[in-house]
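S.K.: One structure coming up, written as C-alpha cells, with questions to follow.
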Amino acid sequence: MEDEMQIDKKEVEIEQKPPRFEIKKWNAVALWQWDIVVDNCAICRNHIMDLCIECQANTDSAAAQECTVAWGTCNHAFHFHCISRWLNTRNVCPLDNREWEFQRYGH
C-alpha cells in the first residue's frame with residue numbers, strides 16, 4: 001500500500017518575481033473623536049471639540065484655554081461653560097429633562 005501512495009519529493013523552484021511596488025516611506029496618520037453619538041453641543045450648537053460661543057467671543061481670556069467638555073450621568077455632553085449657564089436656571093439636562101448630575105468633565 002505504501003508503494004501506491006508514493007509522493008514525488010522533488011523540490012520545486014518558485015520563480016521570484018520582483019514586487020510590483022516598494023514602499024519607501026510611510027507617514028501614518030491617526031484620527032480620534034469622542035465616544036459620543038452627538039458631536040455638537042446642544043446649547044450653543046458648536047462642535048464639541050471647538051470653543052463654545054462664550055470662549056469664541058473672549059479669545060483673549062484665560063477661560064478660552066479652559067473650555068472643556070462636561071458629561072452628565074445621562075451621557076449627554078455639553079461645553080462646560082454652556083451647561084454651567086444652563087444649570088443656573090434649571091438643574092436638568094437640556095436634552096432629556098432628567099436631573100443633571102456631572103459624570104465627568106475635562107478633555
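Positions of Cβ are set from backbone N, Cα and C atoms, glycine also.
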S.K.: Just to be sure I read the record right: C52, C55, H81 are listed as binding Zn(2+) 3 in Swiss-Prot. Which of C67, C74 is listed for the same site?
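M.R.: Looking at C67, C74, the one Swiss-Prot places in the Zn(2+) 3 site next to C52, C55, H81 is C67.
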S.K.: What's the number of neighbouring CB atoms sitting within 10 A of the CB on C41 (Zn(2+) 1 binding site)?
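M.R.: By my count, 25.
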S.K.: Counting Cβ atoms within 10 Å of each candidate's own Cβ, which of the binding-site residues C52, C67 comes out highest?
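M.R.: The residue with the most neighbouring Cβ atoms within 10 Å is C52.
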